[in-house]
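A.B. asks: Structure incoming, see below.
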Amino acid sequence: MTKRPNILLTGTPGVGKTTLGKELAARTGLTFVNIGELAHEGQYYDGYDEEYQCPILDEDRVVDELDQKLVEGGVIIDYHGCDLFPERWFHIVVVLRTDNTQLYTRLESRGYTGKKLQDNVQCEIFQTIYEEAMEAYSEEIVHQLPSNTPEDLEKNLEQLILWTEQWMKDHN
(Lines of atoms letter the chains of each structure in order from A and count residues from 1; the text may use other names and numbers.)
(Lines give C-alpha, C1' and ligand atoms only; values in the text may rest on other atoms or scores of the structure.)
Protein backbone atom coordinates (compact mmCIF):
# COMPACT_ATOMS: atom_id res chain seq x y z
CA MET A 1 0.00 0.00 0.00
CA THR A 2 1.29 3.41 -0.94
CA LYS A 3 2.02 5.86 1.88
CA ARG A 4 1.28 9.01 -0.14
CA PRO A 5 -1.63 9.65 -2.48
CA ASN A 6 -1.58 10.10 -6.25
CA ILE A 7 -3.55 13.07 -7.60
CA LEU A 8 -4.68 13.69 -11.16
CA LEU A 9 -5.22 17.34 -12.11
CA THR A 10 -7.12 17.48 -15.37
CA GLY A 11 -9.23 19.89 -17.39
CA THR A 12 -9.23 21.81 -20.63
CA PRO A 13 -5.92 23.50 -21.56
CA GLY A 14 -5.72 26.90 -19.84
CA VAL A 15 -7.70 26.10 -16.67
CA GLY A 16 -4.68 26.30 -14.34
CA LYS A 17 -3.58 22.69 -13.84
CA THR A 18 0.14 23.40 -13.98
CA THR A 19 -0.01 26.42 -11.68
CA LEU A 20 -2.04 24.46 -9.11
CA GLY A 21 0.06 21.31 -9.49
CA LYS A 22 3.44 22.98 -9.04
CA GLU A 23 2.27 24.92 -5.98
CA LEU A 24 0.59 21.85 -4.47
CA ALA A 25 3.79 19.84 -4.95
CA ALA A 26 5.84 22.62 -3.34
CA ARG A 27 3.53 22.70 -0.30
CA THR A 28 3.02 18.93 0.16
CA GLY A 29 6.31 17.40 -0.96
CA LEU A 30 4.53 15.30 -3.58
CA THR A 31 6.20 14.88 -6.98
CA PHE A 32 4.77 16.98 -9.82
CA VAL A 33 4.68 15.49 -13.33
CA ASN A 34 3.48 17.55 -16.29
CA ILE A 35 2.69 15.01 -19.03
CA GLY A 36 3.43 17.51 -21.82
CA GLU A 37 6.93 18.13 -20.44
CA LEU A 38 7.53 14.42 -19.80
CA ALA A 39 6.51 13.60 -23.38
CA HIS A 40 8.72 16.36 -24.76
CA GLU A 41 11.77 15.27 -22.72
CA GLY A 42 11.35 11.58 -23.61
CA GLN A 43 10.04 12.21 -27.14
CA TYR A 44 6.97 10.08 -26.35
CA TYR A 45 5.21 10.97 -29.57
CA ASP A 46 3.38 9.00 -32.19
CA GLY A 47 3.30 11.48 -35.08
CA TYR A 48 2.11 15.03 -35.59
CA ASP A 49 -1.41 16.45 -35.81
CA GLU A 50 -1.40 18.96 -38.67
CA GLU A 51 -4.90 20.25 -37.88
CA TYR A 52 -4.05 21.19 -34.28
CA GLN A 53 -0.36 21.88 -34.97
CA CYS A 54 0.89 19.66 -32.15
CA PRO A 55 2.59 16.30 -31.60
CA ILE A 56 0.43 13.22 -30.92
CA LEU A 57 1.14 11.66 -27.52
CA ASP A 58 2.27 8.03 -27.44
CA GLU A 59 0.00 7.11 -24.52
CA ASP A 60 1.37 3.59 -24.04
CA ARG A 61 4.94 4.82 -23.65
CA VAL A 62 3.83 7.52 -21.18
CA VAL A 63 1.93 4.99 -19.07
CA ASP A 64 4.87 2.55 -19.15
CA GLU A 65 7.26 5.34 -18.13
CA LEU A 66 5.13 6.38 -15.15
CA ASP A 67 3.76 3.08 -13.87
CA GLN A 68 6.41 2.30 -11.23
CA LYS A 69 6.42 5.89 -9.94
CA LEU A 70 2.64 5.82 -9.44
CA VAL A 71 2.67 2.40 -7.79
CA GLU A 72 5.04 3.93 -5.21
CA GLY A 73 2.68 6.91 -4.70
CA GLY A 74 3.07 10.58 -3.92
CA VAL A 75 2.65 11.85 -7.48
CA ILE A 76 0.61 14.73 -8.93
CA ILE A 77 -0.12 14.23 -12.63
CA ASP A 78 -1.05 17.26 -14.78
CA TYR A 79 -2.71 16.51 -18.14
CA HIS A 80 -5.68 17.70 -20.19
CA GLY A 81 -6.86 14.14 -20.79
CA CYS A 82 -7.54 11.47 -18.25
CA ASP A 83 -8.88 8.24 -19.74
CA LEU A 84 -5.40 7.08 -20.82
CA PHE A 85 -4.30 6.55 -17.20
CA PRO A 86 -5.15 3.35 -15.28
CA GLU A 87 -7.90 3.81 -12.70
CA ARG A 88 -5.74 2.11 -10.03
CA TRP A 89 -3.22 4.96 -10.16
CA PHE A 90 -5.28 7.72 -8.54
CA HIS A 91 -6.79 8.41 -5.15
CA ILE A 92 -8.41 11.66 -6.28
CA VAL A 93 -9.14 13.16 -9.70
CA VAL A 94 -9.59 16.94 -9.81
CA VAL A 95 -11.22 18.49 -12.87
CA LEU A 96 -10.53 22.23 -12.94
CA ARG A 97 -13.23 24.37 -14.55
CA THR A 98 -12.93 27.93 -15.89
CA ASP A 99 -15.48 30.43 -17.15
CA ASN A 100 -15.53 30.29 -20.98
CA THR A 101 -14.78 33.97 -21.51
CA GLN A 102 -11.71 33.75 -19.26
CA LEU A 103 -10.61 30.52 -20.86
CA TYR A 104 -10.88 32.06 -24.33
CA THR A 105 -8.67 34.96 -23.25
CA ARG A 106 -6.11 32.65 -21.59
CA LEU A 107 -5.85 30.40 -24.64
CA GLU A 108 -5.69 33.34 -27.04
CA SER A 109 -2.78 34.78 -25.03
CA ARG A 110 -1.00 31.41 -25.47
CA GLY A 111 -1.31 31.77 -29.23
CA TYR A 112 -4.25 29.41 -29.75
CA THR A 113 -6.27 30.36 -32.84
CA GLY A 114 -8.98 29.04 -35.13
CA LYS A 115 -10.20 25.47 -34.67
CA LYS A 116 -7.81 24.73 -31.80
CA LEU A 117 -9.12 27.73 -29.82
CA GLN A 118 -12.78 27.02 -30.61
CA ASP A 119 -12.54 23.29 -29.87
CA ASN A 120 -10.91 23.86 -26.49
CA VAL A 121 -13.54 26.41 -25.44
CA GLN A 122 -16.30 24.05 -26.62
CA CYS A 123 -14.65 21.23 -24.67
CA GLU A 124 -15.06 23.37 -21.53
CA ILE A 125 -18.64 24.40 -22.37
CA PHE A 126 -19.71 20.77 -22.85
CA GLN A 127 -17.84 19.52 -19.75
CA THR A 128 -16.00 17.01 -21.93
CA ILE A 129 -13.11 16.39 -19.53
CA TYR A 130 -15.44 16.07 -16.52
CA GLU A 131 -17.55 13.49 -18.35
CA GLU A 132 -14.41 11.64 -19.45
CA ALA A 133 -13.24 11.55 -15.81
CA MET A 134 -16.63 10.33 -14.57
CA GLU A 135 -16.49 7.46 -17.11
CA ALA A 136 -12.84 6.56 -16.45
CA TYR A 137 -12.80 6.65 -12.63
CA SER A 138 -15.01 5.87 -9.68
CA GLU A 139 -17.43 8.78 -9.17
CA GLU A 140 -16.43 9.10 -5.50
CA ILE A 141 -12.92 10.24 -6.38
CA VAL A 142 -13.82 12.74 -9.16
CA HIS A 143 -14.23 16.37 -8.07
CA GLN A 144 -14.76 19.62 -10.00
CA LEU A 145 -13.16 22.81 -8.70
CA PRO A 146 -13.56 26.35 -10.05
CA SER A 147 -10.37 27.92 -11.40
CA ASN A 148 -11.16 31.51 -12.35
CA THR A 149 -9.39 33.75 -9.82
CA PRO A 150 -6.30 33.82 -7.60
CA GLU A 151 -8.75 33.26 -4.70
CA ASP A 152 -9.97 30.05 -6.36
CA LEU A 153 -6.36 28.89 -6.69
CA GLU A 154 -5.72 29.54 -3.00
CA LYS A 155 -8.96 27.78 -1.95
CA ASN A 156 -8.17 24.79 -4.17
CA LEU A 157 -4.67 24.56 -2.72
CA GLU A 158 -6.01 24.66 0.84
CA GLN A 159 -8.62 21.98 0.07
CA LEU A 160 -6.13 19.67 -1.62
CA ILE A 161 -3.50 20.13 1.10
CA LEU A 162 -6.09 19.22 3.76
CA TRP A 163 -7.28 16.27 1.68
CA THR A 164 -3.66 15.05 1.24
CA GLU A 165 -2.91 15.36 4.97
CA GLN A 166 -6.11 13.48 5.85
CA TRP A 167 -5.40 10.77 3.31
CA MET A 168 -1.93 10.22 4.77
CA LYS A 169 -3.34 10.03 8.31
CA ASP A 170 -5.95 7.52 7.20
CA HIS A 171 -3.49 5.32 5.26
CA ASN A 172 -0.39 5.25 7.49
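Please read every residue number as a count from 1 along the shown chain.
In case you wondered, yes, glycine gets a Cβ from its N, Cα and C as well.
Predicted automatically and left uncurated, TrEMBL annotations should be read as such.
This is the feature table in TrEMBL:
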type    : residues                                  : note
BINDING : Gly14, Gly16, Lys17, Thr18, Thr19, Arg110 : ATP binding site
REGION  : 34-57                                     : region 'NMPbind'
REGION  : 109-119                                   : region 'LID'
A.B. asks: What's the longest C-alpha separation between any two of Gly14, Gly16, Lys17, Thr18, Thr19, Arg110, the listed ATP-binding residues, in angstrom?
C.D. replies: 15
A.B. asks: At a 10 Å cut-off from the C-beta of Thr19 (ATP binding site), count the other C-beta atoms across all protein chains.
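C.D. replies: Looking across every protein chain shown, the total is 17.
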A.B. asks: For the region 'NMPbind' (34-57), what's the mean pLDDT in this predicted model?
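C.D. replies: Mean pLDDT for the region 'NMPbind' (34-57): 95.
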A.B. asks: Which of Lys17, Arg110 has the fewest nearby Cβ atoms, counting only those within 10 Å, among these binding-site residues?
C.D. replies: Arg110
A.B. asks: I'd like the number of other C-beta atoms within 10 A of the C-beta of Thr18 (ATP binding site), please.
C.D. replies: 16
A.B. asks: If you run through the region 'NMPbind' (34-57) with DSSP, how many residues end up as helix, strand and coil?
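C.D. replies: Output for the region 'NMPbind' (34-57) reads 8 helix, 10 strand, 6 coil.
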A.B. asks: Just to be sure I understand the packing, how many Cβ atoms besides its own are within 10 Å of the Cβ of Gly14 (ATP binding site)?
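C.D. replies: Result for Gly14 (ATP binding site): 24 other Cβ atoms within 10 Å.
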A.B. asks: Among all the protein chains here, how many other CB atoms are within 10 A of the CB of Gly16 (ATP binding site)?
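C.D. replies: Total other Cβ atoms inside 10 Å, all chains included: 23.
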A.B. asks: Determine how many residues of the region 'LID' (109-119) DSSP places in helix, in strand and in coil.
C.D. replies: 7 helix, 0 strand, 4 coil
A.B. asks: Which are the residues of the chain, Gly14, Gly16, Lys17, Thr18, Thr19, Arg110 excluded, whose CB is within 8 A of where the CB atoms of the ATP site average out, their centroid?
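C.D. replies: What remains near the Cβ centre is Pro13, Val15, Leu20, Arg106.
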